[in-house]
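Asker: For reference, TrEMBL lists these features for the protein:
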- Thr69, Arg154, Ser214: L-threonine binding site (BINDING)
- Arg92, Ser176, Ser184, Arg228: ATP binding site (BINDING)
- 47-232: domain 'YrdC-like' (DOMAIN)
Amino acid sequence: MSSWALPRRRSEPYTNRSSITLLLPLHGEPLVARPRVIRVDPEQPDPRAIEEAARAVRGGGLVVYPTDTVYGLGADPLSREAVLRVYRAKERPLGRPLPVLVSGSEAAERLARVTPEARRLMDRFWPGALTIVLEARPQLPEELHGGTGKVGVRMPAHPVALELIRASGGALVGTSANLHGRPSPRTAEEALEQLGDRVDIVLDAGPAPGGTPSTVVDLTTRPPRILRRGPITREEVEKVLGVEVEG
């Protein structure tokens with residue numbers, strides 16, 4: 001499999017010790033172990049740790065991982081069951097689309113219809129703080145894009161995130177690892193405080209950089225529109241596209 005091929009469906013769900021429910025005879029109530037937390041170097045993560053987390057993703061599990069902004073909650077974007085687990089873990093209302101982090105433009109093309117405009121933006125700003133909204137391909141679960149038919153894709157500039165995305169098949173749900181409406185976590189500890197045993201594995205690489213969320217540009221409209229302002233300005237996007245951009 002190439003580094004950007006999308007995850008293959010797996011029939012067996014991911015399981016590890018952290019997901020086993022233990023029965024306590026003295027009290028008669030179940031105790032669910034906390035997720036497996038793996039410390040990784042933020043610049044050179046251990047391939048064994050990355051593969052364990054990727055195996056969880058490929059098996060339908062949820063993984064907390066660092067990005068170039070905050071800690072994210074990752075899952076297989078092609079698995080409806082995994083996507084629904086993300087919504088449940090975050091207590092996020094259905095209908096609010098989930099962004100996807102990708103390993104590059106080739107992986108993005110398997111999720112969305114990448115236009116020449118989009119490719120120019122990817123070549124100029126990826127990896128980096130630009131999310132590009134494109135027409136979703138029909139194989140994506142409707143729950144991922146909230147019925148909009150659109151999907152936002154971004155290539156992050158963080159070694160751990162990129163290695164995990166590549167090992168998972170080239171694409172990963174890229175939402176923040178927080179409960180809906182709560183602050184986005186900058187550390188693995190903050191993510192665990194909010195999500196607890198709802199996730200399977202946590203890759204702890206120390207504090208995430210934080211900062212301003214990515215700029216979001218929608219290329220499905222004419223003219224293109226900035227949906228969220230961020231580090232990359234409207235003027236920079238206009239310069240690459242050669243057209244006026246709204247927002």
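Glycine is treated like the rest: Cβ placed from N, Cα and C.
TrEMBL: automatically predicted annotations, no manual curation.
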Asker: Restricting attention to the domain 'YrdC-like' (47-232), give the mean pLDDT.
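Answerer: Summarising the domain 'YrdC-like' (47-232) by its mean pLDDT gives 97.
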Asker: For Ser214 (L-threonine binding site), which of these binding-site residues sit within 10 Å, Cα to Cα: Arg92, Ser176, Ser184, Arg228?
Answerer: Arg228
Asker: Which residue, out of the binding-site residues Thr69, Ser176, Ser184, Ser214, shows the minimum number of other Cβ atoms inside 10 Å of its Cβ in this structure?
Answerer: Ser184
Asker: Could you measure between Arg154 (L-threonine binding site) and Arg228 (ATP binding site) for me? Cα positions, answer in whole angstrom.
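Answerer: With distance taken Cα to Cα, Arg228 (ATP binding site) is 14 Å from Arg154 (L-threonine binding site).
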Asker: Cβ within 8 Å of the L-threonine site's Cβ centroid: which residues qualify beyond Thr69, Arg154, Ser214?
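Answerer: Surrounding the site, in chain order, are Thr67, Asp68, Pro99, Gly128, Ala129, Leu130, Thr131, Pro156, Gly174, Pro213, Gly230.
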Asker: So for Arg92 (ATP binding site), how many other CB atoms are inside 10 Å of its CB?
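Answerer: Arg92 (ATP binding site): 17 neighbouring Cβ atoms within 10 Å.
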Asker: In the three-state scheme derived from DSSP, which category covers Arg228 (ATP binding site)?
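Answerer: The residue in question, Arg228 (ATP binding site), is strand (DSSP, three-state).
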Asker: Could you give the Cα-Cα distance between Thr69 (L-threonine binding site) and Ser176 (ATP binding site), in whole Å?
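Answerer: Thr69 (L-threonine binding site) and Ser176 (ATP binding site) have their Cα atoms 9 Å apart.
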Asker: Quick one: among the binding-site residues Arg154, Arg228, which has the most Cβ atoms sitting within 10 Å of its own Cβ?
Answerer: Arg154
